[in-house]
Amino acid sequence: MGDMDPHIFAVAEEAYKQMARDERNQSIIVSGESGAGKTVSAKYAMRYFATVSGSASEANVEEKVLASNPIMESIGNAKTTRNDNSSRFGKYIEIGFDKRYRIIGANMRTYLLEKSRVVFQAEEERNYHIFYQLCASAALPEFKTLRLGNANYFHYTKQGGSPVIDGVDDAKEMVNTRQACTLLGISDSYQMGIFRILAGILHLGNVEFASRDSDSCTVPPKHEPLTIFCDLMGVEYEEMAHWLCHRKLATATETYIKPISKLHAINARDALAKHIYANLFNWIVDHVNKALHATVKQHSFIGVLDIYGFETFEINSFEQFCINYANEKLQQQFNMHVFKLEQEEYMKEQIPWTLIDFYDNQPCINLIEAKMGVLDLLDEECKMPKGSDDSWAQKLYNTHLNKCALFEKPRMSNKAFIIKHFADKVEYQCEGFLEKNKDTVYEEQIRVLKSSKFKLLPELFQDEEKVLSPTSAAPSGRVPLTRMPVKPAKARPGQASKEHKKTVGLQFRNSLHLLMETLNATTPHYVRCIKPNDFKFPFTFDEKRAVQQLRACGVLETIRISAAGFPSRWTYQEFFSRYRVLMKQRDVLGDRKQTCKNVLEKLIQDKDKYQFGKTKIFFRAGQVAYLEKIRADKLRAACIRIQKTIRGWLMRKKYMRMRKAAITIQRHVRGYQARCYAKFLRRTRAAITIQKFQRMYVVRKRYQCMRDATIALQALLRGYMVRNRYQMMLREHKSVVIQKHVRGWLARRRYGRTLRAIVYLQCCYRRMMAKRELKKLKIEARSVERYKKLHIGLENKIMQLQRKIDEQNKEYKSLLEKMNTLEVTYATETEKLRSDVERLRLSEEEARNATNRVLSLQEEIAKLRRELHQTQAEKKSIEERADKYKHETEQLVSELKEQNSLLKTEKEELNRRIHDQAREITESMERKLVEETKQLELDLNDERLRYQNLLNEFSRLEERYDDLKDEMNLMVSIPKPGHKRTDSTHSSNESEYTFSSEITEAEDLPLRMEEPSEKKAALDMSLFLKLQKRVSELEQEKQSLQDELDRKEEQALRAKAKEEERPPIRGAELEYESLKRQELESENKKLKNELNELQKALTETRAPEVTAPGAPAYRVLLDQLTSVSEELEVRKEEVLILRSQLVSQKEAIQPKHTMTDATILLEDVQKMKDKGEIAQAYIGLKETNRQSPQDYHMLNEDGELWLAYEGLKQANRLLESQLQSQRKSHENELESLRGEIQSLKEENNRQQQLLAQNLQLPPEARIEASLQHEITRLTNENLDLMEQLEKQDKTVRKLKKQLKVFAKKIGELEVGQMENISPGQIIDEPIRPVNIPRKEKDFQGMLEYKKEDEQKLVKNLILELKPRGVAVNLIPGLPAYILFMCVRHADYLNDDQKVRSLLTSTINGIKKVLKKRGDDFETVSFWLSNTCRFLHCLKQYSGEEGFMKHNTPRQNEHCLTNFDLAEYRQVLSDLAIQIYQQLVRVLENILQPMIVSGMLEHETIQGVSGVKPTGLRKRTSSIADEGTYTLDSIIRQLNSFHSVMCQHGMDPELIKQVVKQMFYIIGAVTLNNLLLRKDMCSWSKGMQIRYNVSQLEEWLRDKNLMNSGAKETLEPLIQAAQLLQVKKKTDEDAEAICSMCNALTTAQIVKVLNLYTPVNEFEERVLVSFIRTIQVRLRDRKDSPQLLMDAKHIFPVTFPFNPSSLALETIQIPASLGLGFISRV
């Protein structure tokens, strides 16, 4: 490879061979201008070493060495105008090798990172690649939190205006960079930390400043870029915003903070960004070196120096100066090695040599680094207090201008200087040199970053105090040139001042000296990279630029020395050892030098090609390669000869063995093949013969089978077709017969169902109308008396108006009769027209057959036209009469309106005073009503809570009473010592309790093991004794109840006697009332007798035809019902009149002070929905209560004047309502007449249009049009008939309902009558009750059971039902449905005792189960769900309209018909409240041990709590030390509770209330423990609580329970956690705390602040003054002084109505319940 053209692999091979041959460290120095290819050449050299040497271990070190290149390029390379991948830092990589010259590791040193590129890029240039790679990968999910965007969005990446490099995909490069980081052991978390810091730098560049004045500035409030930067860096927004706009100045005596201008703030921002990036760069280099560090001892190394090339731009600054200074040093090292050292060695070895002149750049280096040089003057200016770039430039001019030939001053500038480098002249701008050399960063900004919560960021700054000396390397071999140490918090003053004096230029000069020492200690190899052109064009070569670069880097002088000198040299011993192969034995002498001379004279004829020195032999170029070729040829010839001999012997031996084996195989194979062939011939002949006969047989047999099968198939198919035809005819005949009978049956059934529905609808409709009429009568009865008394004088006027109205009604009726006559005439005319149309149709048919009748048809058409004109004339006359009638009616209406207005004015004059007074009272009372309504709502909630607490106390007292009763029974029922018996109630009411005796503790265990079966006869005796005792107790209870009843009767008699002693006030009225009551009783008896006669008529025969519509009995029933209903209406009117008189007299005599009136008023108020109605009612109540008998006495002695006035008002209102109703009816009739006239007009017009159209059409089209018209007419009539049919169907349903109601009443009367009939009559007259017809095989959703099976039902369904056993697989709420279906059957039988007994047993059974297993959550939840479902069923099927809105028609049929169970609904509601409270207690007992450990003591976020504060004693956990309960335990328990409640079918609203109560318990217990424990009041514990609460909120979201109010119960705990985390220093903090902690009391806030204890260094204890400030601010808050929350508080529970969509008739009873004794009905 050394003979090839110049190649990087050749240089690398030479260095590797020299290291192995000479055992000396090597260096490859890659140099050249920017963009010439130095970085790529260094990468190829490293790739060569990694490929050739391999790795000494299994860690693939060579891959890691190569993987460092993408990382360093992404963070250290950037695009410039001369290079798309320019290295903006220098690096020296030492690749370490072991004794076998395999790679064992590597080490990297970096030099002078160009930090200014982070904040500024020139035109057409880019920032470092890593920023654009991040922006290109911003859409990745893991980068969403970085909130990146396009590169053009950020100030630090858009300045160059060229964010994209052609042919480079930044997203793919990002993938390569991440893979390289992973290969080098940088974890994903660290990678994301690096990207987070880089993203923060980008956002920091977008921070803007607003000038306050010339010397100060500020950051806009809530500035988004700064907010994102602080979030990513984990620092406080306020501190960073403050120190970006301020700086701290320290003097000898004091320290003060000074604001800075906008320009200085921007510079400080950029300096901070550069400093962060430089430290991150150094941190990455450290980690790369750690990953590449060798684990074994290094034997030798090869160093690859890839450093920035010579640069010159339009504007050259401090970075270009340092880069060109480094290139001067490298060029000097090259000259020293190539020229000086080479020629000096020739002189030392006494080789004849003529010295060659070359360029020496030592003066340029002296100009830069010597005393009073550029760097020395720059450092001196940096130390000056008021040093500037201008003063430094003047010092340069004064020192070096016209004194040094290499230093010049530009003509047009006083802030620049020119240095003549070895490559070219470069003009440097002095602006920014001092700032970049000092690398100033404000200490306060660094301190803010060090306090970051983001752990990687403080790690970048933790080594800044360890500043390395200029002459020693860091442990990793890296010189941190770009670091500017920041003064630590507590540093020694002397050390800090020395560190700050170390400038960037000084550090860079020291690192260059160290690099030169390393290069001089190794054998250098040079790679000179030549840039083909300055425009980055491919395949373009600029000869002049190439020659200029070759001359500048000294390549031409190197070529001259190489051509004239001896580049290769060997010592005599090395030459002898290497080329001993070329010598013969006789040529070897004792003198090694002479031996070498003899051999060289033979091998190389030209003596000018080599020279003999004192200790070495020098060769010209190519001679060593020639000797190597001769040596290799000789070794190759010897190897070939040895290989030839050995291979020939081996191949001959193999050939002889193969030949012998082949002959043997051939002999055997040929014999076997001959035998096989003979056998094949014999078998072939025999096979042909067999095939011939076999094929003949198969074909013949196949033909016979096919023929037989075809004949059989034909026979079967023909028979099958005939049979099918016969079966089809038979089925059609039978189906016709079946259809006939079925359709008849269906028609009869439909008719019966329709009839029943009609009767039911009639009943319902009549009942509704009766209710409405009753309501109207009540209103009229109340209003008529007042109107009579008020408007006595207006009756004559009203009668006159009434007569006028009657006359007008007569006129209206006459007009209506005229209209009817007109309609009749119109109908006759239309009939005539229709007959004419029929004649026309006949004429058209005749015209089709005979055309000779056209003339006659034309005459008939003319006649029809004349008739049409006549009809039109008649129509006009009719319209004129209708208009005239309309005009007359309008005049009549106007007159009525005028009269009505007169009446209104009179009415207004009468009622103006009342309205004025009522308006004021109404307004004031409405305001009071709104306030009282709000207060009532609050009182309702309090009353509900108080009521539920009373229920809880009642249940507790009830349980205590039962326990005391049991104990008393045990003590009383001790007939003998050692033998006790339980109360009989235990055995009679609870089937699960055994009949075995309860004995003393000594005998308890053996007796419990015995089974309560029929094995022992003693049990029967014990049962008898218990029953006897129970009978005696029941007799005592009966006697006590009888005594109480007698006492009540005596009290009632005494009260009645007192009333009789009073003076008779209403004698005449009471006598009249008693007479009316007697008349009503007699009428009632008459109606009963008539109903009995009707019942007898119905029961005389059992034929179904009797009750059919049209039958005599049916007609009798209808007649009786109509008469009864009419009589009922009359009686109702009389009763209402009597009641109104009684009420008015009561009001006049005594005020309403009784509780019954109050309850009625409360019920009326509850029924009122409108606020206006409530206000009016309230006003009326106040007025009636305010009016006393004395007020009436002031009006008149017995109040007659006031009553007359009220009656007059009521009469006036009644008459006005009658007038309004008549007016409305009159207007409705007018509208209907107008509509009829309009419809007649439209019909007439339509007929005329159709007639005209038909006359214009040809004959055939006329017929089709007339048919189409007839079809549409019939269709419309059909639709009208269908609508009428639907209306009739509705009427039929209403009548059916009414019929059911009357049938039910008849049944009740029959039952009452049967009680008066003697037993003989019962036997003689068969009783057939009228029952509602029932569908066959259609279940009604009821369950029938016997009375004696009630205890068994309660036992199997309630007492012995286990939620974990049989009930798991049941329908949710099945026990409730079964119990309700049993109640329905008892209601259907009208058996009130059965209903009462079943409901009482059910409630007692549930109480017993909960008493026995009240600590089991599943049991309590199961019976809470079933109790609520039973309550909802009682509401849903109660028959009340409010509960029947969501029912299906089928469910409405299942409503209860005989009993109102509202009282039992209240009892069940109370029982549900008790069960709910018991459920809450069970929940509290289960959750109580978990809350403190899971919410406070357990660290869900590991490492947050840190070390406990000193001085606090170690608190023991509320649980065991092993910490069995965590937050996950609480969440698992909550999941268990929720799943159990959902499995039991609990109402969703009830589940929400349970969850709210659970969360209140958790929050209250946690907050109470927090307030009592000082070790829990810290910032880290607040963060822990916030996290735990967020997990609970996440659980609520997962379960869709966020609207349950559970989150609000945790608000005090959340605010307490926030109080632990917020700042607690300034008054603003106090104001924020007061506004934030609105759910905490003042005592709780002060307690938390007093208990707050710092745990870490950044926390501080709360000052006493701050706590006093909080107390002062919260002084006006009205809250409870209580410190701890009431953890036992239970929220009031409600049970919203939740109807079930499950049909009762579809419910099946599982056999596992053991309810075989009940049957479905």
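Glycine is treated like the rest: Cβ placed from N, Cα and C.
Sequence annotations record features per position, and here TrEMBL assigns domain 'Myosin motor' to 1-632. According to TrEMBL, the feature ATP binding site maps to Gly32, Glu33, Ser34, Gly35, Ala36, Gly37, Lys38, Thr39. Residues annotated as region 'Disordered' in TrEMBL: 471-502, 975-996, 1038-1070. Among the features that TrEMBL reports, region 'Actin-binding' is placed at 512-534. Annotation comment: TrEMBL describes 784-967, 1205-1305 as coiled coil. The compositional bias 'Polar residues' annotation in TrEMBL covers 985-996. As annotated by TrEMBL, compositional bias 'Basic and acidic residues' applies to 1038-1064. The domain 'Dilute' annotation in TrEMBL covers 1400-1676.
Each of the binding-site residues Ser34, Thr39 was scored by other CB atoms within 10 A of its CB, and the lowest score goes to Ser34. Tertiary proximity for the region 'Actin-binding' (512-534) is limited to same-chain residues at least six positions away from its ends with a CB under 8 Å from its CB atoms, namely 8, 11, 14-15, 18, 22, 24-33, 35-38, 41, 45, 82, 92, 109, 111, 303, 305, 309, 325-326, 329, 333-334, 337-338, 470-471, 473, 479, 540-542, 545-546, 549-550, 553, 555. One way to see the shell of the ATP site is to take the Cβ centroid of Gly32, Glu33, Ser34, Gly35, Ala36, Gly37, Lys38, Thr39; the remaining same-chain residues with a Cβ within 8 Å of it are Asn83, Ser86, Gly309, Cys529, Lys531. Taking Cβ-Cβ distances under 8 Å and a sequence separation of 6 or more, the neighbours of Gly37 (ATP binding site) in its chain are Cys529, Lys531. When DSSP labels each residue, the region 'Actin-binding' (512-534) comes out as 9 helix, 7 strand, 7 coil, counted as helix, strand and coil in that order.
Fewest Cβ neighbours within 10 Å among the binding-site residues Gly32, Gly35: that distinction goes to Gly32. Sparsest Cβ environment among the binding-site residues Glu33, Ala36, Lys38 (other Cβ atoms counted within 10 Å): Ala36.
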